[in-house]
């Protein structure tokens, strides 16, 4: 995207929870997060694996003590509980094997790990508490169902089967092994981090990508101007044709590079987050603008190079118009500039002139088509009469007296611009049936576009003075109030001075309204910034 485009959530974000879930949350691992700064360390997060392991819901566990008293029972080791308490109170890493009880009071054997989470200031704001179920290794055999000499073999068989199950679970679990301690250095820090992207992925808001998008924007503008002109008018000389051919293929190469680059460029998701996953980037581009970009980048001019057949040459010229599809994508990116008045006016003016340019090319083709059909009262014949004098054109070689391409184009552009602006001087007019039909279409298009563009211009100009109008309305209301209530002159001047100075500071923006849209912590940061002068004075 271009400069000023939608950047997404690119500011440093606290991704601690996402990192923990990605690193530790598995079907065999229960996970709790507790607040380390409050007495008894209340639980503030419960993952789904823990609820399945213990049958307690998240609501039942939230704000409970971090040592999980409701999971304790007769066979829960007091020494293990004390170790966990000490780890929580002293803020160090520890893990113990402990027997806990589910909600239905059935026993489970787990390795319970307490890991302090540090921030950038080496403080401990949170505790990460992990539960790894090792019940298959510790659950006793049901001796009541086994008796006699056969029970020994049954016990051995069940033990081997159970150990195989446990070993397979341990091999499948990549985040934690039941018999190996969790390393304290594997616990992520609680801090803000900038979004990270793979090395082969380009952030859409980087200076390089912004500059590249401007190049694509300029080349698209060039394409929108040159392609219709070349299709309609062609080129006067072979050198012009060669230069155009070279530039055209350079543009094709750049557009193909842009397609490859789009497969490696981040985008902003529906949640506002920057998506840097290569698979999601490619799927998003394939579902979006890939087909349009591919069609508009195909080198259709090759058809004309390798064949002199008139049909193929004309077909290649028509297919080149497919490159205008890129304009849709550029216009979609330009919506970011709609908040700037000057940009809106320039974009609208460019679109209006571009429309006149396209219609001028169509108007020229209509005139040349009438000449080929030997209709000698069209607009081109009238132009030739004005430049060379009236002649019997049916018996005259038209190529000798045909005006230059620049003259024909400027006349066409002059006519279409006068039509779509509803001016119509009449010195260039529609005379043949085809010219009149096309002129009617031009008038309808022009009326719609003219009303849309210049209606928006009037609205924009009105909005630019909206703030000043609100100030005038406010001052008028204040003065009316002072006059109606016969406020003394000295007090009235103080009121007017206060309103004027307040407006000059706030520019009519209600600070409280803006703050109400922000969460409490952000509101606090904004208030500290707004009243920073007070803190500086107090500090002095």
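Glycine residues also receive a Cβ, built from the backbone N, Cα and C atoms like all the rest.
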Pick from 312-336, 437-461, 462-486, 487-511: which stretch is listed in TrEMBL under transmembrane segment?
437-461
Which one of 407-425, 521-539 shows up in TrEMBL as transmembrane segment?
407-425
Annotated transmembrane segment segment (source TrEMBL; candidates 340-366, 367-393)
340-366
Look over the recorded stretches 214-233, 253-276, 407-425 and say which has the most C-beta pairs under 8 A to the transmembrane segment (340-366).
407-425
Mean per-residue pLDDT in the domain 'PAC' (94-146) works out to 82
Long-range Cβ contacts under 8 Å made by the transmembrane segment (214-233), restricted to residues 6 or more beyond its ends, are 2-3, 244, 251, 254-255, 258, 317-318, 320-321, 323-324, 326-327, 330, 333, 350, 354, 357-358, 361-362, 364-365, 405, 408-409
